[in-house]
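What follows is a set of notes on a single structure, which appears directly below.
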Amino acid sequence: VSHPPHHPKPSVPARPSYRETTRTRRGRATLNQLLGAGPHASPPHVRPVRAVSPTPLPSLPPSPPGSGSPAPPMASSSALLTGERLVVFLFAARVALAAPARLAAPLALLAGAALAVELAVDRSAAAPSSPLRRFRTRPGASSGILLGATTLPCVMLARLIQLSRILPTDPNGAQEFAYLEMQYWAVSISCASVLAFFLWHLRQSANNEISKALKYGSLMVVLYLVTFLLFFLLKTDGGLLAMTKNGYLLCHGVAAVILIKHILEKFPSCSSFGEGLLVSSGLVVYFGDILARTLSKMEVSASSGAFIHTPGTQSEIATVIQGVLLGLFLLPLLYKSSLQVWVYCRTLGKQRTQAIEKRAEKGTGSAVFYVSLLVVLLFLVPSWTRLVQGLEVHPFVWVLNYMFTNSDERLLLCAYWIFVICVSIRRFYSISKQSKTERILLRKYYHLVAVLIFSPAVIFQPAFLDLAFGAAFALFLILEMIRVWEVYPLGHTIHQFMNAFTDHRDSEILIISHFSLLLGCALPKWMSSGFNDRPLAPFAGILSLGIGDTMASMIGYKYGVLRWSKTGKKTIEGTAAGITSVLAACSILVTLLASSGYILSQTALVVTFGSCDVELIIGSIYDTAG
């Protein structure tokens, strides 16, 4: 007997939860994207009718030899005028309008050349065959060439304007003004040489838009050189003096090109083009000043005393800081050369292998580093300070005498600093281990700590704060060298501690965030020393980074919606919060300074407010959270 076929009743599947439905919808949307059907090709509950042939994913451009991995694309901006460029042009125009024409014209031409080069670099960033892809810049950062090329010339020109106001009353003002003008030309030549370096690498680009930008950039650089010849060389008497000055300034340009090439190649993904330009030109001008002061004291030739007229008004604190930094920047050269000599002597007559060199760097290399550090600090630094400033005692002995001689306030200030630093580091390090707070917000807490540390010192001990800034910067350099070279026994410990506060802006090679914070607070204080016409100028970096940048990052990160550009992460809410917080802090600070007798009047403070706001916007351009 045949039985009818049994057809079981189909079971009704259980209704998926909201979370499962969301995951399924996202998964199918992603699958449809990979299949070429688009994210909204079919409803989430209906399967695609037919599968489109897979579309091949775009391949990454080939990496240059020796780079290891392809260079990440930069955040390009094809628009001619963006918010960042508008702020930079307004800042440069404000400085140029207050300067003489012979100094303002080169700045205008330099800004035009920098804009053309930045446009060419941004438009060639996405091209696989871009000549600049051999340099691996910081991922996600804009090129920033316009900002990097105009910052230092604007600063030098602003210093000249500030110094011109006290020329009638200062007996050494004319000599200092002439020397500062030479530094202005030196930094301008350095920036123009780096721009020419970028133009040289981009000369083979086939894109029409890039070629047009290169033509404008080359024209601006040529006009800048013509302006330099007209306003600087023709001002001198000519002959040997003009040739000597010309060679001295051209050496700055060559050194800046060599240095930025070294930075971009040896420290990949550590900086953008603009940041590398700013660092290289700044270091070249700083060491050019050291060389000029050394030659003026040594009197190596008759021409050196004729064209290098360094002012003799530099304080002992500035000389000590300059000598220590000179020794620390020469330390890597001494350490590497000593290590190579030791390895050569150790392996003399033996076959040199990579294992032997690695063991030398790990073991005896640490001892070589400490010996090199002692040689620099105990012999090189005091020799230079004695030559330049005439210090008869060791700089460290001079610092101790300065701290403990008739200075109860300095000792109390040191105790206050140690207490705040220890409490903040212990608290924030424990918070970073819990991984509940975003790194970008955790780092901003240190900006607030900088306000607590530096603000009382600016009011009560401004000269001692200058010395403390230099000591802190020197200590940071030593610790970073120990961390990078893994010097035993502190290298690994320092690396673990610093990794707790790093984010995407710090590379695997260098950690530079603490350097940026320290220099951002120190440079306005150092540059305003000796001038009392702008009472809030020493607080510019502290207020901008400690309060303005912190509020901009926190508000922009939590509540920011409206972005300044499609490619950037800056928000209008964060920028407004930063500017408002700086204005409020300036108002409160002026009241406190006037009541304590730090300032006698509140005139011309509107200009100071404006300078603080401009510095806030300029300084926070590269901050990705604002």
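Placement of Cβ uses the backbone N, Cα and C atoms for every residue, glycine included.
Just so it is clear, the model here is predicted, and its values are computed rather than measured.
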Quiz item: Quick one: which of 72-94, 509-531, 578-600 does TrEMBL have down as transmembrane segment?
Solution: 578-600
Exercise. State the residue range annotated as transmembrane segment by TrEMBL; the candidates are 276-295, 336-355, 436-455.
Key: 276-295
Practice problem: With pairs restricted to those 6 or more apart in sequence, evaluate whether the transmembrane segment (539-557) and the transmembrane segment (578-600) have 3+ C-beta pairs under 8 Å. | Solution: yes
Quiz item: Who are the chain neighbours of the transmembrane segment (103-121) in space, where the CB to CB distance is under 8 Å and they lie at least 6 residues beyond its ends?
Solution: 74, 80, 85, 88-89, 92, 95-97, 132, 143-146, 148-150, 153-154, 157, 160, 181, 184-185, 188, 191-192, 195, 198-199, 202, 205, 210, 213-214, 216-217, 220-221, 223-224, 227-228, 231, 273-274
Practice problem: Mind checking which residues of the chain, 6+ beyond the ends of the transmembrane segment (182-202), have their Cβ under 8 Å from one of its Cβ atoms? | Solution: 103, 106-107, 110, 113-114, 117, 120-121, 124, 130-132, 145, 148-150, 152-153, 156-157, 160, 210, 214, 217-218, 221, 224-225, 228, 232, 245, 248-250, 252-257, 260-261, 273, 277, 280-282, 284-285, 288-289
